[in-house]
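Engineer: The structure follows.
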Amino acid sequence: MKNYYLVDEKRKTPVSTWEKISQALRRSVKLELFVGLFVMMRELLKRNNSATIKYPFEKVKLDNRYRAVHRLMRFIESENERCIGCGLCEKICISNCIRMETSLDENGRKKVENYSINLGRCIYCGFCAEVCPELAIVHGTEYENAAEQRSYFGYKQDFLTPIDKLKNQVEFEGAGSLRKDANLWVKKTPNYYDVMIERALENQNTQEQGENK
């Protein structure tokens, strides 16, 4: 048999109507209530101190790493798709909303035929962008994607960067992309120091040749 313990032995349950009214007044009229009213009136009477904006006429500027609707990136130099069809984004998706269909081309390399995301089911956790080895899928800043239907699918042509807009594609854009200082966080290998020594010797030889002339 379970043992039950009283949390507050001094607390008495109100019986009469007056006891119930007095208990309600004691709980509602406290110092914290007046503190909240004071803060509200102080912010209300301040000039040019609006805590809201007139949406959709005004919009808040979002950070580049904000997780909104996905984007599929291209290589700027070759205009090819970055996606290699490894399927890691589909496997790691905890909402099970990513579907990918791949096939082999004439060179025996895998290519993505169909790619779809159920945006109505996606929770925008960013796992797909974090796990992508080629930085092919990132999160953009397009957040106005409300729809009337529950299942709202986006397809490959919706996410992929158009070739005519490729010049506007920024490398470090969207959640999942590398940071601008990513190279500073990579551990140096022995080959790195060998290359730096060779460059230093080349610069030294160039300076000596310039002085001899």
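Each residue, glycine too, has its Cβ placed from N, Cα and C.
Features from Swiss-Prot:
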DOMAIN    74-103  domain '4Fe-4S ferredoxin-type 1'
BINDING   C83, C86, C89, C132  [4Fe-4S] cluster 1 binding site
BINDING   C93, C122, C125, C128  [4Fe-4S] cluster 2 binding site
DOMAIN    113-142  domain '4Fe-4S ferredoxin-type 2'
Engineer: Select the closest residue to C132 ([4Fe-4S] cluster 1 binding site) from the following binding-site residues, measuring between CA atoms: C93, C122, C125.
Structural biologist: C93
Engineer: Determine, to the nearest whole angstrom, how far the Cα atom of C89 ([4Fe-4S] cluster 1 binding site) is from the Cα atom of C128 ([4Fe-4S] cluster 2 binding site).
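Structural biologist: Pair distance, Cα basis, whole Å: 4 Å.
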Engineer: Enumerate the residues of the same chain, C93, C122, C125, C128 excluded, that satisfy the criterion Cβ within 8 A of the mean position of the Cβ atoms of the recorded [4Fe-4S] cluster 2 site; list them in sequence order.
Structural biologist: C89, I92, I94, S95, C97, I98, I117, I123, Y124, G126, F127
Engineer: Other residues with Cβ within 8 Å of the Cβ centroid of C83, C86, C89, C132 at the [4Fe-4S] cluster 1 site?
Structural biologist: I84, G85, G87, L88, C128, V131, P133, E134, A136, I137
Engineer: Provide, as an integer number of angstrom, the distance between the C-alpha atoms of C93 ([4Fe-4S] cluster 2 binding site) and C86 ([4Fe-4S] cluster 1 binding site).
Structural biologist: 14
Engineer: Could you put numbers on the helix, strand and coil content of the domain '4Fe-4S ferredoxin-type 1' (74-103), residue by residue per DSSP?
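Structural biologist: Per DSSP, the residues of the domain '4Fe-4S ferredoxin-type 1' (74-103) fall into 5 helix, 8 strand, 17 coil.
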